[in-house]
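Taking it in order: structure first as structure tokens, then the write-up.
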Amino acid sequence: MEMSLRVALFFAFWVCLTTGSLNEICYQEKVVGNCGSQLYPYYFNSQSGKCERFMYTGCGKNDNNFGYLFECERTCPGDLDLGDVCSLEPEGGHCRAYFIKYFFNATSGMCEKFVYGGCGGNV
């Protein structure tokens, strides 16, 4: 019983940390710039809750301007529908990094390791 209580407290704490307010960068409006280039970075659209591509003309950007999708997703993970967090299967994501993470295996009642690729997934 004591182990179950520890696991429950750990997940409650984890959920609070991971679902806190988004980084303030994520609420900045996209800035298309004021030069003549045609670049296609990503920005976090706080209305849709997703990272999206846009045309940036260069010069005059803010911090909500990411060269790569994974940078945007890492900084601004978006709105998560957590549902029952403890019953989620691990999803390693679509990138190729190698981060050891943990998930709660509802069948065994234990936390187990899995490899997270760095973007996407359900961490």
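Glycine residues also receive a Cβ, built from the backbone N, Cα and C atoms like all the rest.
What Swiss-Prot records for this protein:
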type	residues	note
DISULFID	Cys26-Cys76	disulfide bond
DISULFID	Cys35-Cys59	disulfide bond
DISULFID	Cys51-Cys72	disulfide bond
DISULFID	Cys86-Cys111	disulfide bond
DISULFID	Cys95-Cys119	disulfide bond
DOMAIN	26-76	domain 'BPTI/Kunitz inhibitor 1'
DOMAIN	86-123	domain 'BPTI/Kunitz inhibitor 2'
SIGNAL	1-20	signal peptide
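Separation of the C-alpha atoms of Cys111 (disulfide bond) and Cys76 (disulfide bond): 26 Å, rounded to the nearest whole number. Across the domain 'BPTI/Kunitz inhibitor 1' (26-76), the DSSP tally of helix, strand and coil residues reads 9 helix, 11 strand, 31 coil. The distance from the Cα of Cys59 (disulfide bond) to the Cα of Cys86 (disulfide bond) comes to 45 Å. Neighbours of Cys119 (disulfide bond), defined as other CB atoms within 10 A of its CB across all chains, total 20.
Each residue contributes its Cα atom, and for Cys51 (disulfide bond) and Cys76 (disulfide bond) those atoms are 8 Å apart.
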